[in-house]
Amino acid sequence: MSKPNVRRYAIEKHNREKGPSNYSNLFYLSKHLKKVYPIELQKTCSLPTPLSLSLSKTLNSSLISSLDQKNREVPASKNGVPQVSPALNISRPYCPSDDKELMRCSWITNSSDEVYVQFHDECWGVPVYDDHRLFELLSLAGLLMDFNWTEILKRREIIREAFVGFNAKQVAKMGEKEIKEIVSNVSLMLAENRVRSIVDNAKCIVKIGKEFGSFSCYMWNHMSYKPIINRFRNARNVPLRSPKAEAISKDLVKRGFRLVGSVIINSFMQAAGMTIDHLIYCFRHKECVNLAERPWRHV
């Protein structure tokens with residue numbers, strides 16, 4: 001055998017003797033490689049980046065949860081409702097409420113008092129046909145000479161109680177004793193001339209009731225039994241007085257009423273729903289218009 005052939009034979013013999021052990025080791029490593037590193041995750045020698053860390057955590061947690069879920073049952077609560085494992089609990093994303101904030105007139109702000117907002121949402125602009133309520137609103141509007149609506153509404157109940165529910169017939173009978181008691185009531189904070197004005201107006205309402213049947217009929221007769229519906233977009237467009245308010249004011253003064261200037265009467269008409277002055281984007285505008293468009297009826 002020549003030297004080259006002898007050398008090649010020796011190399012092949014050496015490889016045959018050493019080969020099986022190396023191949024078996026490689027087969028062992030490849031066989032168990034998936035248990036150490038899942039297929040989706042590659043072992044690398046480079047430094048991990050924040051993105052790679054987040055991806056690897058996500059993939060690893062998803063694989064672990066999917067493998068463990070097969071061999072693990074979720075425990076049920078006492079009521080039979082399955083409990084979610086803390087590891088599998090996924091927080092719900094924030095979903096805003098379907099109820100949007102109500103749009104109100106611009107003079108109702110976040111700092112407005114609750115009683116004033118309630119008055120705007122429930123009373124202001126709703127047509128009123130009851131004599132007692134009309135007398136009450138007329139009297140409260142007259143107090144705007146000294147207070148604002150919020151201050152008046154906070155004392156509305158005790159004022160109503162002091163004036164016997166604004167029953168014009170009973171208020172008209174009040175004498176000096178009753179007037180002094182109301183003036184001396186510290187919680188009311190009403191000046192004597194304001195109290196006497198309300199009593200005098202009650203006497204005038206009694207006379208009007210005899211002439212027109214009711215105070216409501218007298219007031220709504222001025223309106224042709226139909227409220228005035230305005231459609232203002234800005235508060236600056238809402239007038240302090242109107243031609244109709246001036247006409248009613250003059251007639252009331254002739255009949256002996258006090259504290260019934262055109263500005264006060266305009267405020268009274270707005271509160272009593274004789275004039276719809278909610279701004280057009282206010283949610284109450286449409287509701288009050290629907291009430292105003294009903295056939296007139298005296299309650």
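Placement of Cβ uses the backbone N, Cα and C atoms for every residue, glycine included.
Feature annotations, reproduced from TrEMBL:
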BINDING   C105, H120, H278, C282  Zn(2+) binding site
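Applying an 8 A CB threshold to same-chain residues 6+ apart, the list for C105 (Zn(2+) binding site) reads H120, A235, H278, L279, C282, R284. Of the binding-site residues H120, H278, C282, H278 has the largest number of other Cβ atoms within 10 Å of its own Cβ.
The record gives C105, H120, H278, C282 for Zn(2+). Within 8 Å of the mean position of their Cβ atoms, the other Cβ atoms in that chain belong to R104, W107, I108, W124, G125, L279, F283, R284, H285.
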